[in-house]
Amino acid sequence: MSLLEFLDYSGVAVFAATGALAASRKELDLIGFLFLAAVTGIGGGTLRDLILGQAPVFWVMRPTYVVVCVAMGVLVFFTAHLFESRYRLLVWLDAIGLSAYCVMGAAKGLAATASPTVAIVTGTMTAAFGGILRDILANEPSVLLRPEIYVTAALSGAALFTLSSEMGAPLWLASLAGAILAFGVRGGALAFGWTFPPYKARPGRHPDDVM
Amino acid sequence: MSLLEFLDYSGVAVFAATGALAASRKELDLIGFLFLAAVTGIGGGTLRDLILGQAPVFWVMRPTYVVVCVAMGVLVFFTAHLFESRYRLLVWLDAIGLSAYCVMGAAKGLAATASPTVAIVTGTMTAAFGGILRDILANEPSVLLRPEIYVTAALSGAALFTLSSEMGAPLWLASLAGAILAFGVRGGALAFGWTFPPYKARPGRHPDDVM
Amino acid sequence: MSLLEFLDYSGVAVFAATGALAASRKELDLIGFLFLAAVTGIGGGTLRDLILGQAPVFWVMRPTYVVVCVAMGVLVFFTAHLFESRYRLLVWLDAIGLSAYCVMGAAKGLAATASPTVAIVTGTMTAAFGGILRDILANEPSVLLRPEIYVTAALSGAALFTLSSEMGAPLWLASLAGAILAFGVRGGALAFGWTFPPYKARPGRHPDDVM
């Protein structure tokens with residue numbers, strides 16, 4: 001199993017776990033766990049493959065990915081109560097999934113189009129999409145709208161992978177570097193509350209001004 | 001018209017009606033009815049065809065499906081006030097749509113890939129997707145998060161269709177059995193409040209623990 | 001650059017600006033602006049291309065579209081505070097995007113399938129989809145659920161373009177007529193509060209009756 005394949009299965013598995021953890025927070029039943037696990041685990045990659053014109057999508061070609069999601073859903077159903085904070089576990093697993101997925105998305109985008117711009121965009125979008133889908137389906141506030149750095153982590157990992165690949169780095173090195181950078185950025189944001197300066201409305205004007 | 005075609009048009013038509021009923025609950029105008037009817041009616045099948053790599057999707061090839069959605073939207077606009085409870089009507093029609101769609105999704109998945117795993121997943125996902133899309137667009141709490149059994153109904157119908165097809169049952173029998181099982185499970189959940197044991201947080205710990 | 005190409009880039013650019021404006025209302029950081037700008041700008045066209053079976057989608061073939069979205073995101077990040085009401089700016093730009101996108105969606109649908117029904121549906125759906133996606137991601141009440149006319153504007157523009165094309169009008173004339181009609185209808189709704197009669201529940205019955 002190559003490093004890319006390992007990243008691929010890891011990304012699917014940990015995103016599936018975050019979907020199941022979201023199900024646990026909503027107190028769904030076992031099938032609800034499996035459904036959210038599957039949708040979150042394979043959602044980003046499904047979007048990536050559709051955009052790149054690679055349909056049938058990856059898990060239709062290799063149903064093992066679905067089996068992995070189901071296994072993670074069952075595992076979380078029976079072990080989630082063991083964790084001190086399921087939300088903390090969810091966001092850290094989400095960080096791992098984000099790191100794996102941004103490299104996979106960029107790698108597939110680069111292989112399909114040879115355009116660095118496209119690779120960075122598919123890497124960033126598909127890494128963020130699984131978590132967005134999970135939050136929408138579980139009716140939770142989107143991770144996208146929280147102040148800590150999120151999309152930037154995926155973007156920096158996808159960009160580092162793409163640029164170092166373009167400059168001739170071997171695939172395993174570019175993949176590893178991209179995943180580590182993405183995890184470092186997101187992990188730092190989680191551990192230390194890293195943020196970028198947000199947009200601020202003019203003083204004296206409320207940001208939610210209505211028409 | 002074969003039984004499969006009948007199921008197909010029925011699924012689209014009744015999901016379209018549930019979209020229009022959601023529009024009536026939001027007091028939209030006629031065009032809002034048609035839009036929600038169309039998106040809900042053809043949403044699940046669109047996802048199914050995209051995932052399986054069968055684009056242009058079904059209603060692009062046969063626009064009659066769109067005409068059916070428009071007709072249901074108009075019908076509901078002028079008759080919804082006749083019903084005692086529009087919400088009750090919505091969930092029962094949704095149950096019929098779910099039953100028809102889970103068989104159609106599994107049948108198309110099986111025909112396209114010959115993989116029972118894929119067939120069960122496409123059947124389940126596409127049956128649930130129309131209702132999820134409707135609830136998101138209408139900004140209603142998702143049917144997915146309610147305690148009564150929902151995804152399980154689609155899953156059991158898709159699984160029975162797939163397994164009996166694999167064991168050599170004729171198409172009409174497998175279709176009928178799958179649709180009846182799905183409707184029975186969902187109908188029982190609606191009529192008698194059937195639920196599975198939900199995940200429960202450890203005693204003394206609130207399920208919405210935050211980081 | 002033909003009129004259609006101009007409409008295409010305009011639609012992407014102004015929808016991207018509305019995505020960035022939604023990010024400003026949520027006080028996201030610069031990367032949040034770029035992400036919402038890109039998703040809103042290219043979301044409708046991505047759906048259109050997927051439905052019509054034209055994958056890889058348009059911005060994968062021509063990454064300039066992504067560059068346009070990024071530029072709009074940066075521009076809005078540094079200038080949004082100059083506007084009296086960012087919400088008013090958002091809805092008017094959204095009206096321009098809607099007008100451009102409904103013609104482009106119908107033109108691509110007509111070219112791909114030669115079916116007027118399909119062209120009208122793809123024009124309407126893809127024009128509305130960018131704004132819907134933006135509102136879902138930014139967790140704002142959907143523009144779809146507001147009383148003023150919205151989908152109808154896209155529908156009328158797509159229909160006028162399609163019918164005049166079918167009747168032999170030159171492409172530039174049909175495009176211009178469709179875009180102007182759509183903008184006129186939506187602009188009138190914004191300026192004068194135009195609405196259609198909404199569905200009204202029976203007197204004495206609350207519209208949110210539950211099961």
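From the backbone N, Cα and C atoms, a Cβ is placed for every residue, glycine too.
TrEMBL annotations:
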type: TRANSMEM; residues: A:6-23; note: transmembrane segment
type: DOMAIN; residues: A:6-80; note: domain 'Glycine transporter'
type: TRANSMEM; residues: A:30-51; note: transmembrane segment
type: TRANSMEM; residues: A:63-83; note: transmembrane segment
type: TRANSMEM; residues: A:90-111; note: transmembrane segment
type: DOMAIN; residues: A:92-163; note: domain 'Glycine transporter'
type: TRANSMEM; residues: A:117-137; note: transmembrane segment
type: TRANSMEM; residues: A:149-165; note: transmembrane segment
type: TRANSMEM; residues: A:171-196; note: transmembrane segment
CB contact flag for the transmembrane segment (A:30-51) and the transmembrane segment (A:117-137), at least three pairs under 8 A: yes
Result, the transmembrane segment (A:6-23) in contact with the transmembrane segment (A:149-165) (3+ CB pairs under 8 Å): no
Residues of the domain 'Glycine transporter' (A:6-80) by DSSP state, where helix covers H, G and I: 63 helix, 0 strand, 12 coil
